[in-house]
Every structure is written in structure tokens, then in C-alpha cells.
Amino acid sequence: MVSTTTFLMLTSLATLTSARSHLTVTIGSNCTLKGPQGGHVFWWRIYDNGWFTKPCDQPGRFFCNGRDLTIINVTANDKGFYYGTDYKSSLDYNIIVLPSTTPPPRTTTFSSSSVANNTISNPTFAALLKRTVNNSTTSHTTISTSTISIIAAVTIGISILVFTITYYACCYRKDKHKGDPLLRFDI
């Protein structure tokens, strides 16, 4: 029962791919994954074939300080999905490993100091800001990823339950002569 619950939990977590943070790391470097700000964080590594491990149980390869997970000397085998939770909140990472000869992807950083160099006129900027605010409000017609993951977990649970009941009904069907005498209504 515990393995089924764990499987359902990790299956529902796997459906949350759109909320996953993608990190690109080069081979030989160290990578620190920040955990939720709550209490003690439990980390899981989820493989493509459905297996999962606790990286904090592997000293020397990983370093856990109770909240963050550091992957020491990243190798090509460290690519994959890492999930950290304190059972109140969670963070999900997808680690992409590049060879050390490949330059890291170019990142662009925006800062608040760029507002002084604004070339957009005030009315245009106000219209653009209004349009952005109107478009960024959440629509009531979209379904959040957490709702989809809960629905997926419930569907899998119900299908396992139906399969178990069907299996029991087909394989353990009692004959007429083997029935419980208290449940027979023969008079």
C-alpha cells in the first residue's frame, strides 16, 4: 500500500512539468538546488523510467543541508528531474547537463535601473502597461497544473481500485457449494 501511495504521489508530481524550473549545468561543476523556505526539505530524484531515489542518502555525490541540495562534480548521469518538498510546498527542477566544452547558454538579466533609459512615451507606456495587466490576470477557463495532477492521481487510484475489485471477482469467485452457510437463503 505504501509503494502504491508513493507511486501515485510521484506520478502526480510528474504531471507538473510546466511549473518545473529548467537548469543547464556543465560537466564538472557544482549545482545547488534551492528548496522551499519551510521546514526540513526531503529531496527525490525521479528517473525517466519511473524509478526514484533519495539523493541525500548518497553522501559524496550530493550534499544536503536540510533545505538545499548540492550536486557535487556534475556528471552526465546527473541529468533528470529533482523534486524537493517539505510537505507544505515544493519545488521541481529539470537538470540538463552539457559537456564542459560547450559554452553555457546566454542569459539576459533585467534590472530596475533600466527604467531610466526608457524611450517609450508615457501614454504609450501606460497603454502597454494596462494591456499587460489585463492579459496577465488568470482566466477562469484555464485549469491549473496542480488541479490536473490531482485529477490524474485520483484517476490512477480509482483505476487501480477497479482493477483490484475485478481481479478479486474473477479469480476468487465462490461456487454454489462453497458459499458461506450464513449468507445462503435456501429454505
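The backbone N, Cα and C atoms fix where each Cβ goes, glycine too.
Copied from Swiss-Prot, the annotated features are:
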CARBOHYD  ASN30  N-linked glycosylation site
CARBOHYD  ASN73  N-linked glycosylation site
CARBOHYD  ASN117  N-linked glycosylation site
CARBOHYD  ASN134  N-linked glycosylation site
CARBOHYD  ASN135  N-linked glycosylation site
Name the residues of the same chain, 6+ apart in sequence, whose Cβ is under 8 Å from the Cβ of ASN30 (N-linked glycosylation site)? THR70, ILE71, ILE72, ASN73, VAL74
Measure from the Cβ of ASN73 (N-linked glycosylation site) and count the other Cβ atoms within 10 Å, all protein chains considered. 12
